[in-house]
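What Swiss-Prot records for Gly149, Val150, Ser151, Arg152, Thr153, Ser154, Lys155, Thr156 is ADP binding site, and it gives sequence analysis as the kind of evidence.
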Amino acid sequence: MSAIKVFILSDSIGETAHNVALAAAAQFSDYDIRYQRFPFVRTDSLLQTVLSQALKEHAAIFHTFVDRRLSQIVNQFCEAHELPYYDVITPALDTFSQITHVQPSNHPGTVHALNTNYFDRINAIEFAVTYDDGKNPSGFLEADVVLLGVSRTSKTPLSLYLANRNLKVANLPLVPQAQIPDEIWKVDPKKIFGLTNDPEKLNDIRRQRMVQYGLNPDTMYSNTDKIKAELEYADKIFKKIGCLVINVANKSIEETATLITESLNTDDTNNG
């Protein structure tokens, strides 16, 4: 089967439409879906050029135009030429108009404006990089979230994902022979999250990691008995701290992050 082509059109950067398309496409993993992004489409002439190309290549269209007129042009073109399309933003704008009884401002890219929220996110990302992998124990006392876990339990990618939600995250790998920094015991246990995994899953992940490095996959690093010992050690630490433990086996980064933020929000509500 030939690849499915999806055009992402927007009068801003198109990130929202792209993310929606990716989320939906994840349910169709057997298909080869290829995306082409067309950001900052704000003139009729440029829009018509892109639409003509979409028609020529039989591409589906996902779009976010806060300019209602451009949005209508796309929708009408797709309907007239029987091109599959999805208008990502218009229904949401209509819903908020109904709620507020106010028309949208129609300013493309407002969500990406350089506001306080943007700089907080940049600071959170810098924090995650600085305090990744237990580099500096002082970060544990400043963090909104502290992640603990043995090697290959998604600590670093999860830290960066949460940083994009403006949370300052520090993480620490748990190794049986290594001493736990004193700072960990001073952190509120509600801010600490223990990450674990199934031994078989972790064995597979570590073996793949060694293969990627061009090394023998059958080492002590991927040894099942050693992995079980590491997980047992980590579990003892989690119980001693009294933190929430999350098994990341078969969970996406997004799912794990949601469990963490929900736990934080619940604690905030209870303390409010």
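The backbone N, Cα and C atoms fix where each Cβ goes, glycine too.
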Among the binding-site residues listed here, Arg152, Lys155, whose Cβ has the fewest other Cβ atoms inside 10 Å?
Arg152
Enumerate the residues of the same chain, Gly149, Val150, Ser151, Arg152, Thr153, Ser154, Lys155, Thr156 excluded, that satisfy the criterion Cβ within 8 A of the mean position of the Cβ atoms of the recorded ADP site; list them in sequence order.
Asn171, Pro173, Leu195, Asn197
Among Ser151, Thr153, Ser154, Thr156, the binding-site residues in question, whose Cβ has the most other Cβ atoms within 10 Å in this structure?
Thr153
